[in-house]
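The domain 'MacB-like periplasmic core' feature in TrEMBL is assigned to B:18-233, B:491-689. The feature domain 'ABC3 transporter permease C-terminal' is assigned by TrEMBL to B:269-390, B:723-838. According to TrEMBL, the feature transmembrane segment maps to B:266-291, B:312-337, B:357-380, B:409-429, B:435-457, B:494-516, B:716-744, B:771-792, B:812-831.
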Amino acid sequence: MTFPLTTSVNRDLAGAAPTTDDEIRSAGPLAARAVGVTKVYGTGDARVSALGGVTLGIPGGRFTAIMGPSGSGKSTLMHCLAGLDTVTDGKVFVGDVELTRLDDRRLTRLRRDRIGFVFQSFNLIPTLTALENITLPMDIAGVRPDPAWLDTVIDTVGLRPRLRHRPSELSGGQQQRVACARALASKPEIIFADEPTGNLDSRSGAEVLSFLRNSVREMGQTVVMVTHDPVAASYADLVVFLADGRIVDQLADPTAEGVLERMKGLDR
Amino acid sequence: MITRLTLKNLAAHKLRLGLTALAVVLGTAFVAGTLIFSGTTDKAFDDLFSEGTHTVDVTVQGRQAFAGSADGVAVKPVPASVLDEVRGVDGVAEARGQITGFAAIVGRDGKIVGGNGPPQLGIGWPSSLSDYGLVTGRGPAGPHEIAIDSVTAEKTGYTTGDQVKVVAKGPAEPYEVVGVFKVGASGRTGGVTYAAFDPATAQRLLVEPGSFSGIVAKAANGVSPAELATRVGAVVPAEYEAITAQQAADDAAGGVRELLGFLSTFLLTFGVISIFVGSFIIFNTFSMLVAQRTRDLALLRAVGASRRQVTLSVMGEALGVGLLGSIAGLLAGAGLAVGLRGLFSAFGADLPTTGLVIAPSTVVWTLAVGVTVTLVAAYFPARRAAKTPPVAALRDDVATPARSLRARAVAGGLSAVVGAALLATGLAGDGGNPLALVGGGALLVFLAVAMLSPLFARPVTRVLGAPLVRLFGTTARLGSGNAQRNPRRTSATAAALMIGMALIATVSVLAASMTASIDKALDGSLGADFQVSAGGGFGPPGSFDPSVAAALAAVPGVRSATPMTYAQVKLDNEPVFAAVGDPAALAGPFGLEMESGTLAAGADEILVDAKTAKAGGWTAGSTVRGQYADGAFATIRIAGVFADNPMAGSYLMGEATHAAHYPGSRVSTVLVVKEPTADAAAVRKDLDASLAAYPNLTLQDQSDIKEQARASVGQLLTMITALLVLSIVIAILGIINTLALSVIERTREIGLLRAVGMGRRQLRRMIRYESVLISVFGALLGIAVGIGFGWAVQRALASQGIDVLSVPAAQLGAYLAAAALVGVLAAVWPARRAARMDVLRAIATQ
């Protein structure tokens with residue numbers, strides 16, 4: 001493994017990843033954390049271990065990227081952190097709530113009220129307008145959106161002229177921006193983005209990533225993004241590297257080149 | 001290769017295709033059930049009627065040009081002298097007089113055993129050559145003895161030694177049961193009750209003293225029945241005919257068979273409706289499967305499959321579904337046939353039984369209908385599948401572009417115009433086969449509505465959904481949005497419900513109009529305060545002795561009691577029914593008003609109403625060529641024209657004509673008018689008392705008659721609605737299928753909704769709203785079409801007495817509410833499936 005020098009390295013977080021709950025908790029205020037999480041699919045000969053004991057803290061108000069080659073378990077990790085998937089062993093917390101103890105009803109409510117999502121594709125309900133899609137989680141919850149905040153979000157993503165349009169009338173980049181706006185609009189504690197730029201051209205991708213980074217810098221939002229694109233990862237404050245279901249490395253304030261170097265190391 | 005692909009696809013979509021096959025099963029089961037039922041019943045009746053022919057070769061009876069009298073049984077009695085002549089014919093080994101007629105056994109409850117339905121027969125003992133074997137006791141030997149059949153004995157508990165009342169021509173009289181006999185070899189009576197008297201008593205009660213209802217003869221060795229019939233025919237007087245026993249059995253069975261044929265057609269109509277409704281579901285399912293498999297199909301095309309092969313692969317699936325569904329339908333049909341038999345015996349029509357007859361033609365028809373309909377319905381989606389461009393395999397957006405609705409609008413409009421024209425022609429009775437015209441026209445109109453409804457599915461569901469959205473918020477908005485997003489699918493799904501609802505609404509409008517028309521007619525015209533008639537319900541009205549009228553006239557407070565009946569007569573070769581009675585006496589009770597001519601009808605004279613006179617170009621004094629039931633031709637004079645009168649009908653025949661040409665001067669109704677000052681309740685009580693000896697007769701006042709008319713209309717409505725419910729069941733299956741397929745299609749969307757926090761309950765609600773909107777849309781279309789049909793049919797029948805249009809708003813509203821409930825029910829299973837979906841897997845689905 002090589003550890004190229006990066007500019008303005010955050011000493012506390014750079015280098016080898018912390019491995020115990022105490023270690024990650026000592027690092028600062030956490031928006032979410034995983035403690036000794038394992039995830040096994042199938043049984044017997046068909047048994048596949050996707051996560052082999054992951055302990056990870058997601059710092060609040062930061063933009064964290066989870067990187068790794070295909071099959072490294074990065075998506076599984078995100079799904080477990082977001083309460084979309086159950087873990088085989090270990091614990092997952094969002095804030096102080098232990099997700100691994102919640103039933104489906106409570107988990108649904110938690111996702112609705114405290115988590116925002118941006119997926120790679122198919123982020124929007126085709127029958128709803130852009131605005132209706134943005135307010136969907138709050139509409140489901142039966143709460144009124146904060147109009148001032150909604151205005152801010154809409155202006156930030158630059159979608160005001162398109163609010164009445166349906167998803168089919170929006171470009172791919174615009175659709176992802178609507179998805180980002182939806183994730184932000186309910187002021188969630190944490191936003192999970194799963195390859196949000198995977199289906200976009202580089203310009204639209206850059207817009208979406210800038211928007212996510214700005215929401216962290218300017219609004220203090222916590223964002224976790226899964227990606228395999230080093231350029232996308234370079235927008236993050238911190239990159240966590242995953243290989244074979246384990247955290248193998250961390251990199252703070254990354255550059256695309258730095259991330260690429262480390263990825264090459266992982267592939268070896 | 002394509003075959004293997006087809007089989008794999010069938011296996012892969014078991015559930016979806018299973019629901020589609022179920023639609024085929026329900027439709028074909030009805031067709032198969034009807035065919036099996038009528039085949040079986042036909043055979044059973046054949047067996048029953050041919051039982052007697054084993055021992056008899058020739059029958060002699062009064063000649064009948066056509067079924068002349070209203071009760072259809074009275075034929076000219078055969079005097080004993082004819083029997084002697086027959087006995088003298090060379091080749092007759094044995095001949096006997098046969099005595100058959102109406103004789104009803106009175107049960108322990110004072111009511112007629114058997115009631116409505118199969119006839120109550122009296123027979124002479126032992127007059128027939130056929131086999132009535134005594135089970136217990138002996139044959140009747142005196143004027144006060146009878147033997148009864150074993151089924152009746154079992155039903156009533158009557159046994160030898162019991163005193164039993166029997167009503168025949170005259171009032172009920174007591175008899176002692178001296179024997180119980182078995183009818184034929186099987187002992188089954190098919191619901192007919194038998195009372196056997198000694199020959200003299202039987203003649204007096206059932207025919208005329210010294211006369212027989214017919215003569216049966218057995219041929220000597222070496223003489224064929226046909227030969228014997230010729231020989232006997234040459235001897236008997238011209239007003240009698242000699243026919244072979246086989247011919248007589250066929251004639252007797254013919255009437256029943258005609259009735260069964262009518263019943264089969266009636267039931268088959270509902271089978272055809274079911275299959276028609278099912279075809280929409282098949283069409284829709286295959287459309288959706290093709291849409292969902294666009295990428296697979298495009299991949300097939302990309303790797304070199306021809307359009308033909310793609311079409312064939314989809315058609316192959318349809319063939320599989322159609323074949324499996326039809327075979328299952330055939331089996332279900334056998335069960336249905338048994339059920340139908342049970343239904344008939346529950347209504348008192350105990351049909352003779354035999355093993356289930358599944359004719360080869362039944363199998364062929366069922367399979368042919370099931371498979372053909374499935375293939376035709378799947379053809380259009382299959383053709384669309386073949387048009388999938390290979391490049392669609394590479395594109396991410398699977399959604400097929402919205403096609404223009406213009407072609408649809410044109411085809412639908414055309415179909416509507418042609419359908420309406422056919423309907424109008426059929427209803428006007430101009431074309432060759434009105435029933436086929438009306439049926440074909442209705443079919444086209446349904447197709448037109450189904451084709452055109454996508455044009456307004458979106459706005460209508462939006463309007464219907466608006467209050468839901470206001471009340472229930474986002475889940476309703478999502479559900480409403482889903483109902484609007486694919487107008488073709490929503491329309492095709494709703495169309496299935498539309499058809500059933502339209503037919504039910506049509507029948508409801510007609511029933512309401514009939515009731516309203518009857519009310520109006522009775523209010524306006526009935527001058528009689530009471531009416532006495534025999535039987536009622538199913539079958540032809542019974543008849544009874546005219547002396548009853550005299551007895552009723554003698555009741556205090558009664559001003560008049562006028563006997564009347566109905567008879568068939570041919571005028572210009574057209575058979576018509578005429579009321580029979582003394583016109584002057586009937587003028588009061590009927591409220592007859594003469595427009596021209598005289599209020600009297602002598603021999604070969606008839607009165608007609610104004611409408612008929614106009615249509616025939618007749619005035620008082622015109623003549624028309626006619627024929628009576630005994631075959632006699634006559635030049636009939638129009639003696640007078642009366643104003644249209646719903647009670648009298650179109651024709652009124654005098655008693656003299658009737659007595660001359662229609663055997664047995666019996667009546668079917670007595671109209672009673674009370675003195676204006678007499679108390680109705682008191683008169684009724686006295687009338688009832690004087691009828692005590694006639695348990696076969698019913699006394700009704702005006703409100704009873706109205707009530708009876710209303711009840712029989714209601715009964716018909718209930719029966720037809722019950723049969724139409726089958727098509728509603730199929731429509732429900734269609735909604736379930738569409739929703740289930742939509743849920744699968746929207747897996748990722750549902751995953752997304754769940755991810756961003758929609759609870760399972762909310763998800764279920766969302767699907768329920770969609771379902772309810774589709775159902776209500778279908779029901780609204782159906783009710784609109786139904787009101788249109790009802791109006792058209794009422795207009796067509798206006799000249800036949802249904803001259804008031806009545807739209808039962810409350811009833812139709814209830815149907816709409818029921819449709820909403822149907823939507824809720826249909827959503828249960830798809831909603832549960834959607835709610836159970838694993839969130840993660842739903843998101844990850846490609």
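Backbone N, Cα and C atoms are what each Cβ position is placed from, and that goes for glycine too.
When averaged over the domain 'MacB-like periplasmic core' (B:491-689), pLDDT in the model lands at 84. Pairs of Cβ atoms less than 8 Å apart link the domain 'MacB-like periplasmic core' (B:18-233) most often to B:269-390, out of B:269-390, B:491-689, B:723-838. Residues 2-3, 5-7, 9-10, 17, 20-37, 40, 282, 286, 289-290, 300, 305, 356, 358, 362-363, 366-367, 369-375, 377-379, 381-382, 385 of the same chain lie 6+ residues outside the transmembrane segment (B:312-337) yet bring a C-beta within less than 8 angstroms of a C-beta in it. Put simply, of B:266-291, B:357-380, B:409-429, B:716-744, the stretch with the most CB pairs closer than 8 A to the transmembrane segment (B:812-831) is B:716-744. Across the domain 'ABC3 transporter permease C-terminal' (B:723-838), DSSP classifies residues as 101 helix, 0 strand, 15 coil. For the transmembrane segment (B:716-744), the residues of the chain that approach it from at least six positions outside its boundaries are 15-16, 19-20, 22-23, 26-27, 30, 267, 270, 273-274, 277-278, 280-281, 284-285, 288-289, 292, 482, 489, 492-493, 496-497, 499-501, 503-504, 507-508, 511, 750, 767, 770-771, 774-775, 778, 822-823, 825-827, 829-831, 833-834, 837, judged by C-beta separation under 8 angstroms. Per DSSP, the domain 'ABC3 transporter permease C-terminal' (B:269-390) is made up of 101 helix, 0 strand, 21 coil.
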